[in-house]
Amino acid sequence: MNGKHITKLGFQGPAIGLALSAAVRREAAGLSRSDILDELRAVQAEPQAYTAGGVYAELAAQLLSSRGAAQAPASAELRPSPLPYGVWGAELIDQGARDQMDMAMRLPISRAGALMPDAHVGYGLPIGGVLATEDAVIPYGVGVDIGCSMMLSVLPLAPGDLNTEEARSLLLRHTRFGAGVGFEKRDRHDHPVLHESTWREQPLLRHLFDKAEAQIGSSGSGNHFVEFGTFTLTERDPELGGGELDAGEYLAVLSHSGSRGFGAQVAGHFTGVAQKRWPALDKAAQKLAWLPLGSEEGESYWQAMNLAGRYALANHDLIHARLARALGVRPLVQVQNSHNLAWKQQVGGRELIVHRKGATPAEAGRLGLIPGSMADPGYLVRGRGNAGALQSASHGAGRQLGRKAAERTLAKKDVQAYLKDRGITLIGGGIDEAPQAYKRIEDVIARQRDLVDLVGEFRPRVVRMDTGHEDV
DNA sequence: ATGTAC
């Protein structure tokens, strides 16, 4: 098997090398030359069927992205039909989210995409959507809560070392919830992110600094939470604490938080700028308006987005530091990951902008956190670097019922019974965040075993959330 | 998700 056989099939550019190395591996596995050529023709004919894994995944991803480039018009004109993309757990995903992803894959700047099993409808790109674009960033491809993220601290304490009442009072004292909520001046905590010069580099950032300073270390509203629970490590993991953490059960803190009012205003501002930039863009795609990287607006968004990403992680840092300090301990290990952000990433040999809107980065070996609901387990996972999923996984269980539908259909007593069955103590929390409003996390995890491996499990015990429209 | 209000 050599390069000539490959080029004769019509492979071009970086695809030649990828096809050749796959062919060599198949040869080593004992296949005949004609069988391998048949396989390569099949990959060529239908690359989307091979992106999920196996020897041909990288080649398939490369073919898909180069075809995207060949088809890309240089204007706001949409493709007549969406580029193909991988879907994990299709039977768990509603048609509305599929339609939104189809629309995203018709953008002229789109090159590759994937839909995670927790996907549901959002603004523009669906939550659970992963989209790779070329030289452009889509504010609503990242979402309103820029840098929304997860953090886990495993503490040097046994689960029984903290009783429910103490956990409740620590959460009440050291966390702040609610839209618009920040800290009073005397309770504020400092963080290096507030001292970055970036804040002075854009009028918008200068304007938002005071709000950011007041709200740092707070949790906000909606699906955000801070909780104490039991973390179970199945076996030592080389990626976790350098492989030093013993298997067993620990008291742990898990939080879900974002970039608060600061990130929301950055998102709102640049979404407006992007939509004005493409007045001729099809109305149905308006919320997917993009900013070219290299343009002043595009670079400004990129800078503000990344600052909001660091700010969101700083929120977690302060929350965990305050709780650990109150307990008089230092965490044994900490893990954090953003799940609403865009990254520059190599896809099929090219640098693309990978938007993850409610999707966990899952490069090979990278740790991430996938929470369930206020009463269901969350998982510490290790990425498998699946090329077809653009190295991503779900960011949670995903909504099954919209907020209004949950308030309409779920009964308070059923939610209370669900919590009681699992021994959960809840502070705040609205009916719209009820466990029954979410897909079963076990189902969602089962659909992505080719995207992540499970490293540990977190079972919530005392949970704080914002108070919804209707309390539980 | 945010906390203002085509």
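Every residue, even glycine, has its Cβ placed from backbone N, Cα and C.
Taken verbatim from TrEMBL:
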ACT_SITE  A:His395  active site, GMP-histidine intermediate
BINDING   A:Asp145, A:His224  Mn(2+) 1 binding site
BINDING   A:223-227, A:339-340, A:371-374, A:395-398  GMP binding site
BINDING   A:His256, A:His339  Mn(2+) 2 binding site
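This view paints the features noted in TrEMBL onto the structure.
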residue: A:Asn223; record: GMP binding site; Cβ contacts under 8 Å, 6 or more apart: A:His256, A:Gly396, A:Glu433, A:Met465
residue: A:Phe225; record: GMP binding site; Cβ contacts under 8 Å, 6 or more apart: A:Ser219, A:Leu254, A:Ser255, A:His256, A:Met374, A:Val463, A:Arg464, A:Met465
residue: A:Glu227; record: GMP binding site; Cβ contacts under 8 Å, 6 or more apart: A:Leu171, A:Val253, A:Leu254, A:Ser255, A:Met374, A:Pro460, A:Arg461, A:Val462, A:Val463, A:Arg464
residue: A:His339; record: Mn(2+) 2 binding site; Cβ contacts under 8 Å, 6 or more apart: A:Cys148, A:Ser149, A:Met150, A:Arg356, A:Gly358, A:Ala359, A:Thr360, A:Pro361, A:His395
residue: A:Asn340; record: GMP binding site; Cβ contacts under 8 Å, 6 or more apart: A:Val142, A:Gly143, A:Asp145, A:Ile146, A:Gly147, A:Cys148, A:Ser149, A:Gly258, A:Arg356, A:Lys357, A:Gly358
residue: A:Gly372; record: GMP binding site; Cβ contacts under 8 Å, 6 or more apart: A:Gly378, A:Tyr379, A:Gly396, A:Ala397, A:Pro435, A:Tyr438, A:Ile441
residue: A:Gly398; record: GMP binding site; Cβ contacts under 8 Å, 6 or more apart: A:Leu92, A:Met116, A:Pro117, A:Asp118, A:Ala119, A:His120, A:Ile127, A:Gly128, A:Gly358, A:Tyr438, A:Lys439, A:Val444
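The most densely surrounded of the recorded positions A:His224, A:His256, A:His395, judged by C-beta neighbours within 10 angstroms, is A:His395. A:Met374 (GMP binding site) has a Cβ environment of 26 other Cβ atoms inside 10 Å.
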